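Notes to accompany the following structure.
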Amino acid sequence: MQEKITQFENFLAQLQQKITSTLEQSETSSAKFISDKWQKPDTPEQKLKGYGNSMIIEGGEIFEKGVVAFSRVHGDALPPSATAKRQELAGKSFIATGVSLVIHPRNPFVPTSHANFRIFVAGADTDNPIWWFGGGFDLTPYYPFEEDAIHWHQTAKNICDKHDASYYPSFKKLCDEYFYLKHRDECRGVGGLFFDDLNDKSFDECFKFVTDCANSYLDAYIPIVEKRKNIEYSQKHKDFQLYRRGRYVEFNLVFDRGTIFGLQSGGRTESILSSMPPMATWKYNWQPEPGSEEEKVYEYIKPRDWIK
């Protein structure tokens, strides 16, 4: 099992470099991703041990802020957030390795994107380790274009159908349900794919699906960035983007399992919270004008079948 984990870790390290270098090609300023490598000390009092590399871009003309973070961590006991649905794993040692990314564009007509690909192994030091993959990608537009959402979902469906025709409808539904702000009665965006506890096939089959899915993220996102990044926008557009980013912050701090897992397990706070947008605003009881561009997004972020 250790060899398989290392194989996935090596893939993730290469994925991180591929994504950051490709995003830099879309960036029109001199802004680049900077690398912040870190390591948790292997001491008895340290709950979470391991290492990682957080790659951050800030202040770009296209990407106002973005993070592509790799980590491999292990601990003596899974935190509550990881065993909420698997009580039998409570107290087991674990290894977790993954890449998580969030890209916050400057232009309000370019959507924010998020992706995550990871593996958990509980009891890796035992004769019967329990493994599962998780991940997916989702899109959060501020001024939505239907063709962008269709392209995003078609890319997701194409990669799923290569492996299992049941994956896309299942993982799309899970994505709509997961990225939902209960207190707002709103979805975070137009969805995409979300899967957790993926071990329904052999390890090698699941490995291949997750790596194919990870490699398709750029195919889904970059064409949208290139199509929208030069659209002119006003301060009104920017203000609405900042207001909607507030929803992103609310979701990450209240509902996101990865954020909660990282904080509960003693993870590296700077890396965990690096996905936050550089700026966001909240307005008391604000409502969009009827028939406005801003009102349109509230119809787009409702679950729907994007592929006819």
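Quick reminder: no glycine exception, Cβ is built from N, Cα and C everywhere.
For reference, Swiss-Prot has these:
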type	residues	note
BINDING	SER100, ASN116, PHE117, ARG118, GLY266, GLY267, ARG268	substrate binding site
BINDING	HIS104, HIS114, HIS153, HIS183	divalent metal cation binding site
ACT_SITE	HIS114	active site, proton donor
SITE	HIS183	site 'Important for dimerization'
REGION	248-283	region 'Important for dimerization'
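Here the features listed in Swiss-Prot are placed on the structure.
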residue	record	DSSP class
SER100	substrate binding site	strand
HIS114	divalent metal cation binding site	strand
HIS153	divalent metal cation binding site	helix
GLY266	substrate binding site	coil
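For the binding-site residues given as HIS104, HIS114, ARG268, the lowest number of other CB atoms within 10 Å of the residue's CB is seen at ARG268. Put simply, ASN116 is the one of the binding-site residues SER100, ASN116, ARG268 whose Cα lies nearest to the Cα of HIS153 (divalent metal cation binding site).
Taking the Cα atom of each, SER100 (substrate binding site) and HIS183 (divalent metal cation binding site) are about 25 angstrom apart. Put plainly, the binding-site residues GLY266, GLY267 were compared by Cβ crowding within 10 Å, and the winner is GLY267. Confidence across the region 'Important for dimerization' (248-283), taken as the mean pLDDT and rounded to a whole number, stands at 90. If you measure from the Cα atom of HIS114 (divalent metal cation binding site) to that of ARG268 (substrate binding site), you get 19 Å. Comparing ARG118 (substrate binding site) with HIS104 (divalent metal cation binding site), their Cα atoms are 21 Å apart once rounded. Comparing the binding-site residues ARG118, HIS153, HIS183 by how many other C-beta atoms lie within 10 angstroms of each C-beta, the top residue is HIS153.
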